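A.B. asks: Before we start, here is the structure in question, set down as structure tokens.
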Ligand SMILES: O=C(O)c1cc(=O)[nH]c(=O)n1[C@@H]1O[C@H](COP(=O)(O)O)[C@@H](O)[C@H]1O
């Protein structure tokens, strides 16, 4: 990818709210800041596709984070529906395997054929969740070996399946770019400005460290949404980044 966008356009704010009112309040607080917005399962299940349409009408780039993971035919249909919503990026779980990811790609292509002139969404595979630690991967999930190897294997499979990039932690970005090429996008949650609570995340870096690794997009939620002054928190993050 190597993005011509400014750093702020490569910051994806996670709108993890239980209803549209909370999300609307944050949009007002961040008004005029051209960051990317992410709608995940909490908000989508409560506020529905119309909230995505509302964000698009307001001019935002939108990442719809529903982490599709089902049989190939179902994921193909889901991907087509998501594409028709006009999102800029969405994700599927790479753990669904190659046939499922290829079906997602087909769903995108099918939906695009009826949307002349529309931009194609970036189709992104989730590798290993940033909340997953090494012991959890090995002892609970049952995948042996270093977490970085599991992430790289999923990233390579996502690339072979025709995806545009992956979600991973910033700790894995350098090796993903080495393995899959610089134009293969990395979207990295697990972002924690120095001094902020790590919470349920496990593999974390600061915003400036993540961009220094060469990531294309960072995803950040609670350090902004839970701040006393979300606008100031986001502005401080933007100022901290020198790319
Ligand atoms: O796909 C994602 O966006 C995602 C993948 C992942 O591995 N880890 C992860 O945290 N996320 C999302 O990124 C956001 C991170 O939020 P905070 O931990 O509050 O910064 C949440 O909305 C998560 O659902």
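Each Cβ is built from the backbone N, Cα and C atoms, and glycine gets one as well.
Taken from TrEMBL, the feature domain 'Orotidine 5'-phosphate decarboxylase' covers 10-237. The feature substrate binding site is assigned by TrEMBL to 16, 38, 65-74, 130, 192, 201, 221-222. The feature active site, for OMPdecase activity is assigned by TrEMBL to 65, 67, 70. Look at TrEMBL and you will find 67 tagged as active site, proton donor.
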A.B. asks: How long is the line from the C-alpha of residue 72 (substrate binding site) to the C-alpha of residue 65 (active site, for OMPdecase activity), rounded to the nearest angstrom?
C.D. replies: 18
A.B. asks: Taking ligand 1 as the reference, state which of the recorded positions 16, 65, 70, 221 have a Cβ closer than 6 Å to one of its atoms.
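C.D. replies: Only 16, 65, 221 qualify.
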A.B. asks: Which residues in the same chain, at least 6 apart in sequence, have a Cβ under 8 Å from the Cβ of residue 16 (substrate binding site)?
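C.D. replies: Non-local contacts for residue 16 (substrate binding site): 40, 42, 43, 221, 222, 225.
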A.B. asks: Tell me the Cα distance separating residue 130 (substrate binding site) from the residue listed as 'active site, proton donor', rounded to the nearest angstrom.
C.D. replies: 14
A.B. asks: Over all shown protein chains, what is the count of other CB atoms within 10 A of the CB belonging to residue 66 (substrate binding site)?
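C.D. replies: Total other Cβ atoms inside 10 Å, all chains included: 17.
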A.B. asks: Looking only at Cβ atoms, how many others are within 10 Å of the one on residue 130 (substrate binding site)?
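C.D. replies: Its Cβ shell of radius 10 Å holds 24 other Cβ atoms.
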A.B. asks: If you count other CB atoms within 10 A of each CB, which of 65, 70 wins among these active-site residues?
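C.D. replies: Neighbour-count leader: 65.
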A.B. asks: If I restrict to non-local contacts, at least six residues apart, and a C-beta distance under 8 angstroms, what lies near residue 69 (substrate binding site) in its own chain?
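C.D. replies: Once residues fewer than 6 apart are set aside, residue 69 (substrate binding site) is near 75, 92, 93, 95, 96, 100.
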